[in-house]
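S.K.: Per TrEMBL, the features are:
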- Ser345: active site, nucleophile (ACT_SITE)
- His185, His294, Glu531: Zn(2+) binding site (BINDING)
- 93-534: domain 'Neutral/alkaline non-lysosomal ceramidase N-terminal' (DOMAIN)
- 42-78: region 'Disordered' (REGION)
Amino acid sequence: MAKHTLSTLEAFLIFLLVMMTAVTVALLSLLFITSGTIENHKDSGVPVTQSPPTMPGSTATQGSTLTHGSTATQGPPVTTTPEPPLFQNFSGYHIGVGRADCTGQVADISLMGYSKTGQNARGILTRLYSRAFIMAEPDGSNRVAFVSIDIGMVSQRLRLEVLNRLQSKYGSLYRQDNVILSGTHTHSGPGGYFQYTVFVIASEGFSNRTFEYMVTGIVKSIEMAHKNMKPGKIFINKGNVEGVQINRSPSSYLWNPPSERARYSSNTDKEMIILKMVDLNGVDLGLISWFAIHPVSMNNTNHLVNSDNMGYASYLFEQEKNKGYLPGQGPYVAAFASSNLGDVSPNILGPHCVNTGDSCDNANSSCPIGGSSMCIATGPGHDMFNSTQIIGGIIYQRAKELYASASQELTGPLAAAHQWVNMSDVTVWLNSTHTAQTCKPALGYSFAAGTIDGFGSLNFTQGTTVGDPFWDTLRDQLLGKPSEEIKRCHKPKPILLHTGELTKPHPWHPDIVDVQMITVGSLAIIAIPGEFTLQIPGGGKAQRYEAASTIYGPHTLSAYIQLFRALAKAIATDTVANLSRGPEPPYFKQLIASLIPNIVDRAPLGRNFGDVLQPAKPTYRVGEVAEVIFVGANPKNSAENQTHQTFLTVEKYEATSATWRIVHNDASWETRFYWHKGLLGHSNATIQWHIPGTAQPGIYRMRYFGHHRKQDFLKPAIILPFESTSSAFEVVTS
């Protein structure tokens, strides 16, 4: 290997890295909060029609989370809610749908997904929702629940705490085996709800404020679905979606055998599967759609919390069905859930060097000048907001077509199976005589390079197949050397971080994960602790981001196929009761606190919170942006004291009734709420309304709702609500 010569920039970055690591390790041993709940796991609910066959390929990435040590949590006292009587004499299922806000903090917290330093939340574009669907057999004997949540991933702590609270209210009605929690994988939701060290560092600590907000929202959506259950029918349909995805590692895909690639017409899975839910009178109840695409139309320069392209598809579908309701309201629920999205990007213009415009669609995703940091894929729009609308709009339109033509009814029993598995020690049967083993978790060099959707902070390169003496030495000095066993197990991946052997202050990655399957008649839905791809990403040979992030080693795919086959067989032969529960996951009572402190909010001298600093103009035309700037306070306070359910409203004056009617809230795509953090507790809030072509001419105003933190001398801090109103302005068509 050529001698590594450090540039001034690299030397400076390395110095910062060493200092940050040293400070972080010191802080992590000191900064704890006490909590009695559990932690980290990423679920993707992937549908499989008819019998559940083996998955054609997978990537178990750093998003899969759980670990070893400690003991199982003790459940709370159970006070069950009486089950309402169910009407039994019908053909179909009892169906319940529910939707609840689970946004959490929209400021002073890292956005989860890109792991980009400094990409903290600074406002909100759209709210995040938990969407729950419960299905029960006519006699109520069996039921399953599928919940799609607008977050990056479902941590195990989140999942187990939700199930803990469901158990305390409903007893054994909703359990580990029959409730799937699935994250949409938006990269623009808050982090901070993890326990394992890799994710804690990426989230800059644990935020109990956001964790509680999310848990409460998820549980509430399930409670709403439970209360809304009624006899109905489910129809299934499927079809291809064109023009919205590319494979972000096509060179890796080509390493798959030609016979394997011949099974597919594309290097991405274009098929969308939808479930249409109606009551016995044909009244629409809800939709679940599964489609393989990364919600990364909003790139890593974004600072507004939002649900990205899949959330925008949900927004359009629900607005269409819930006419007259504000976003997030109304009885109809439409979930656009995650699927085998591991190597699928919505940035369909592909990767180009931002400094030259040349293509960088090569094995290393690198540019001649600037390296990998210059190689970025872009979407079809003129900016990331427009790209999100275009991609999400196409997905919505295709789902609408499939929904309208759905005629194949799902019938048959409901079933569920679940196991905890130590994924670091699975014996995989390759054939009748040969076995292999999964590995303790580890991340390869290309993991640090990121992807064409968002490059890494340091100048690592995808496709790296050998280690670098400089980085290896730095790692060994700071974290210790990886064992020969873990290096041998992960070959040919060169190990950058041996996370399965790092345990301070808590394990860096999980060992124990859960595998789960529910069936609705002939449809099987499997819950996967990671990001699956269409096929194996290069069989480990290519070592791009996806392969480097396969934390349990080169036999991860075979292990999952084996595990899911066992669940499928148990369901098919009615022997689920004979499945071993598996090793219980650990939990940690002491969690690493957020590294961002809470400080008192302050208004400028002579001003109050909510005072208008920049008023609206007297008149705006359709297509323009109305903007008002207020004296602000930290929006994270509103996740703690939820007096207001929105940060903003846009209101139209109705002359006939002399009242103001709310036409938009902060869940509306047309509005944006920006928070500008100043010094010593000072801040401003900017509210924008991007006036759509559908806006009616008339008189409007914008309102701001916030909370400020106040603390008098020697007294505990309190959070107080405030609100403010802009001057009225007119909207004209031309």
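Counting starts with 1 at the first residue shown.
Each residue, glycine too, has its Cβ placed from N, Cα and C.
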S.K.: Within 10 Å of the Cβ of the residue listed as 'active site, nucleophile', how many other Cβ atoms can you find? Include all protein chains, please.
M.R.: 24
S.K.: Just checking the binding-site residues His185, His294, Glu531: which sit within 10 A of the residue listed as 'active site, nucleophile', CA to CA?
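M.R.: Those near the residue listed as 'active site, nucleophile' - Cα within 10 Å - are His294, in sequence order.
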S.K.: What mean pLDDT does the predicted model reach across the domain 'Neutral/alkaline non-lysosomal ceramidase N-terminal' (93-534)?
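M.R.: Here the mean pLDDT over the domain 'Neutral/alkaline non-lysosomal ceramidase N-terminal' (93-534) amounts to 96.
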S.K.: By a simple count, how many Cβ atoms lie within 10 Å of the Cβ of Glu531 (Zn(2+) binding site), its own Cβ left out?
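M.R.: Cβ-Cβ neighbours of Glu531 (Zn(2+) binding site) within 10 Å number 28.
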S.K.: Near His294 (Zn(2+) binding site), how many other Cβ atoms are within 10 Å of its Cβ?
M.R.: 26
